[in-house]
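Structure, as C-alpha cells:
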Amino acid sequence: MELQSAIFNEWRHLFKLDPDREISDERLDAICMSGTDAIIVGGSSGVTFDNTVDLMSRIRRYEVPCALEVSSEEAAVPGFDHYFIPLVLNTDKAEWLAGRQIQALRKFGAFIPWENTSAEGYLILNGDAEAAKLTSATSSLDAEGVTAHIYMADRLMRLPVIYMEYSGKFGDMELVKRAKSMVTGARVFYGGGIDNADKARAAANAAHTVIVGNIIYDDLEAALSTVEAVRHVQQQ
Ligand code: 1GP
C-alpha cells in the first residue's frame with residue numbers, strides 16, 4: 001500500500017465544515033461549487049454519527065471530494081472519499097496520541113478502509129483553541145520545539161500529513177515554512193484564522209495545503225475569495 005500517492009497530495013485548498021454547526025443549502029452550495037480541492041468534515045466537539053451522516057449526504061450531491069477527520073469513534077461514518085485519523089503530537093496526554101485511537105481500532109480495525117485512511121500528526125499551536133484545551137496541548141512551541149516535532153512526525157513516524165493547527169487565529173508563517181522546508185515525505189497542512197485572500201496567499205506560500213474553516217460561517221464572500229487566492233500561488 002503506497003500512502004504517499006494518496007488523494008490529498010494534490011490538494012492545495014480545503015474548506016472544513018463542522019457537523020455541529022448549521023449551514024444553509026445556499027451557503028453549502030457556494031462552498032461545494034467554489035472550486036476548492038476538497039471538503040474536510042470535522043470538529044472538536046458535538047460531532048455525532050447523525051450530524052456527520054447528515055452533512056456528508058448534503059455534500060455528496062456535489063462532485064467535490066469529501067474527507068472525514070475522525071475525532072471520535074461514534075462519528076466514524078462510511079461513504080467518505082478519505083479518512084484522516086488525528087494524532088496529537090504536542091501533548092503529554094497519551095490518550096490523544098494513540099490511546100483513543102487504539103480503543104477504536106480494537107473494535108473497528110478490521111472494517112477500516114485502510115487504502116483510504118491516513119494518520120494526521122497534529123501540532124496544536126493556539127492555546128486558546130478548543131482542541132488545545134481538550135487535549136492539554138503544549139501549544140507554545142518555539143522554532144526548536146517545532147523542529148523536534150517535525151523530526152518526530154516526518155522522519156521517525158513517517159506520517160503522511162502534519163497539520164499545523166492554529167484554529168481561530170492566524171499563525172506564525174515562519175514556523176509553517178520551517179516545517180515545510182524540513183519534511184521529506186509528509187504534507188504540511190495549515191489551518192487557522194484565514195479570513196481573507198491575503199492570509200490565504202501567505203498560508204499557501206508557507207504550507208502545502210491550506211484549510212479554511214470559521215470564516216465560511218461568518219463571511220461567505222471572504223471565504224470564497226480564498227480559493228482563487230490559493231490557486232494563484234505556485235507550489236514551491
Ligand atoms: C480548524 O484548521 C481549521 O480545524 C481552520 O481554522 O476555523 O480558524 O479557519 P479556522
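Keep in mind that glycine also has a Cβ here, set from the backbone N, Cα and C atoms.
TrEMBL annotations:
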BINDING   Lys16, Tyr163, Met164, Glu165, Tyr166, Ser167, Gly168, Gly193, Gly213, Asn214  sn-glycerol 1-phosphate binding site
BINDING   Asp18, Ser44  Mg(2+) binding site
Tell me the Cβ contacts of Lys16 (sn-glycerol 1-phosphate binding site) under 8 Å, same chain only and six or more apart in sequence, or just say none. Ile39, Ile40, Val41, Gly42, Glu69, Gly191, Ile211, Val212, Gly213, Ile216
List, in residue order, those binding-site residues out of Asp18, Met164, Tyr166 with a Cβ under 6 Å from any atom belonging to ligand 1. none
Reduce the DSSP letter at Gly213 (sn-glycerol 1-phosphate binding site) to three states and note it down. coil
Whole-number Å value of the largest CA-CA distance among Lys16, Tyr163, Met164, Glu165, Tyr166, Ser167, Gly168, Gly193, Gly213, Asn214, listed as sn-glycerol 1-phosphate-binding: 17
Neighbour tally for Asp18 (Mg(2+) binding site), based on other Cβ positions within 10 Å of its Cβ: 20
At a 10 Å cut-off from the C-beta of Ser44 (Mg(2+) binding site), count the other C-beta atoms across all protein chains. 17
Asp18 (Mg(2+) binding site) and Met164 (sn-glycerol 1-phosphate binding site), Cα-Cα, nearest whole angstrom: 18
Fewest Cβ neighbours within 10 Å, where candidates are the binding-site residues Gly168, Gly213: Gly168
Identify which of the binding-site residues Met164, Tyr166 has its Cβ surrounded by the largest number of other Cβ atoms within 10 Å, counting every protein chain shown. Met164
Round to a whole number and give the Cα-to-Cα distance in Å for the pair Gly168 (sn-glycerol 1-phosphate binding site) and Ser44 (Mg(2+) binding site). 12
